[in-house]
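Student: What TrEMBL records for 28-478 is domain 'Major facilitator superfamily (MFS) profile'. Taken from TrEMBL, the feature transmembrane segment applies to 21-41, 86-106, 113-133, 172-190, 284-309, 321-343, 350-370, 390-412, 424-448, 454-474.
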Amino acid sequence: MAGGAFVSEGGGGGRSYEGGVTGFVIVTCVVAAMGGLLFGYDLGISGGVTSMEEFLSKFFPQVERQMEKARHDTAYCKFDNQMLQLFTSSLYLAALVASFVASVITRKYGRKVSMFTGGVAFLIGALFNAFAMNIAMLIIGRLLLGVGVGFANQSTPVYLSEMAPAKIRGALNIGFQMAITVGILVANLINYGTSKMAQHGWRVSLGLAAVPAVVMVIGSFVLPDTPNSMLERGKYEEAKQMLKKIRGAENVDHEFQDLCDACEAAKKVEYPWRNIKKSKYRPALIFCSAIPFFQQITGINVIMFYAPVLFKTLGFGDDASLMSAVITGVVNMLSTFVSIYAADRYGRRLLFLEGGIQMFICQLLVGSFIGARFGTTGTGTLTPATADWILAFICVYVAGFAWSWGPLGWLVPSEICPLEIRPAGQAINVSVNMFFTFLIGQFFLTMLCHMKFGLFYFFASMVAIMTVFIYFLLPETKGVPIEEMGRVWKQHWFWKKYIPDDAVIGGHDDAKPV
């Protein structure tokens, strides 16, 4: 087929290694995935806080004046304020820079050190925000949170991909996305509760970010290092013992040899940032750049960042806007279970394509409903029925993202890079993700003010483009050991011209493109 799907004779995606799924590796991956709580909590908390009147009156009084003016003017521009958007977006600019530093630390000192650094930075940032007395303290706190997110998002998906057996790598890696969705939901619930407090509710919301940070710091101490990371630092015997432990088998010679071969090849690569531009790494470079770009251009963080603000813009009351955000958070978390079940059974491509179609339809419908009620002037009101329909289609949209582009946007880039360029590839993935997250966070409310309901049509068109991109260019990576991913590219109708024959090493040539 044109999309270059990949199947393997015998039902596997490459060499079959000894051992199975052990309780040790599952517990280890669950603990590591808690790093996603940092990212998720922040995604969920900022939108609720920026819709709280006490917070706005203390730090952004001009926004309150805009909201009053919008009662008689256009509803689309209620929250259009660059400084307010900078409070949300500054975190992701810091995460972009931090991800490059984290890639060096991850390679030299291991995944655990990066996870620990991320947790400490996030903890300090949470305390800055909780005790903020002015905008400067808020922004400094957000920047420190960004450093934490950059380190955690760079190291955790790589850690999960390296620890998990190939046949359940998707399910365990998606645990990271599950932790993100749990963080978002918990943040939404906390915002709903703290909004009832007479004062300082926003301080409680921002300060509780310290909890997932402490979890991350403790986890980084108790988790073992991955065999790949040990090999990178010359700890061969320790790496083999750890591989035996996580696979639950004594005979791991074949897998260990493949890991050693990959490590030796990686050590010959002195400059991973220069090497990732080589022809044989072209598919990894393209997907580590394109997938995070497309993940953000779906418009999902419009919902994750600004759900309460968006619902207030559309005329929902204070309680209704926060509760609607809680509802979308519940849908987001529950839908992620679909990807945990399906990613290793039905493959990545099917989820990408179905999720894309679902999101495309919902964006068109939400834009049409908003356009019908508010037009281009931004004057109008929502009937209860229309409000319910908009909320329903946003939930269906969130569900589509939660079982496709949400988890797979982190899983696929982390599993397609060979060891010698893996830190660089993951750094590109995180930095591109953070850069476009920053742009969405900084300019969405301004875009809504100027593009009005047409903004949702813009996101729908982007979803259509990225779905076509996946259909034609992404091969299936389900069940393929990371060290043998070169075979997948070599047998793809488009990417094979970039992969030299000597780049495909190890394994059995028993797979065929269809």
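Each residue, glycine too, has its Cβ placed from N, Cα and C.
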Student: At an 8 Å Cβ cut-off, counting only pairs 6 or more apart in sequence, do the transmembrane segment (113-133) and the transmembrane segment (350-370) clear the bar of 3 or more pairs?
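Tutor: Counting Cβ pairs under 8 Å (6 or more apart in sequence), the transmembrane segment (113-133) does not reach the transmembrane segment (350-370), since there are fewer than 3.
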Student: Ranking 21-41, 86-106, 350-370, 424-448 by the number of C-beta pairs under 8 Å to the transmembrane segment (390-412), which range is first?
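Tutor: When the Cβ pairs under 8 Å are tallied, 350-370 comes out ahead.
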Student: Other than its close neighbours in sequence, what residues sit by the transmembrane segment (321-343), given a CB gap under 8 Å and a spacing of at least six beyond its ends?
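Tutor: For the transmembrane segment (321-343), the far contacts come to 44, 47-48, 51, 170-171, 174-175, 177-178, 181-182, 184-185, 187-189, 191-192, 195, 303, 307-312, 350-351, 391, 394-395, 398-404, 406-408, 411, 478.
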Student: For the transmembrane segment (284-309) and the transmembrane segment (424-448), does the number of C-beta pairs under 8 Å, pairs 6 or more apart in sequence, reach 3 or more?
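Tutor: These two segments touch.
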Student: Six or more residues beyond either end and a Cβ under 8 Å away: which residues meet both conditions relative to the transmembrane segment (350-370)?
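Tutor: Beyond its ends, the transmembrane segment (350-370) has Cβ neighbours at 298-299, 314, 339, 342-343, 386, 389-390, 393-394, 396-397, 399-401, 403-405, 408, 453-457, 459-460, 463-464, 466-467, 470-471, 474.
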Student: Please work out which recorded stretch in 86-106, 172-190, 424-448 has the most C-beta pairs separated by under 8 angstroms from the transmembrane segment (21-41)?
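Tutor: The stretch with the most contacts is 172-190.
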Student: Need one number: mean pLDDT over the domain 'Major facilitator superfamily (MFS) profile' (28-478).
Tutor: 85
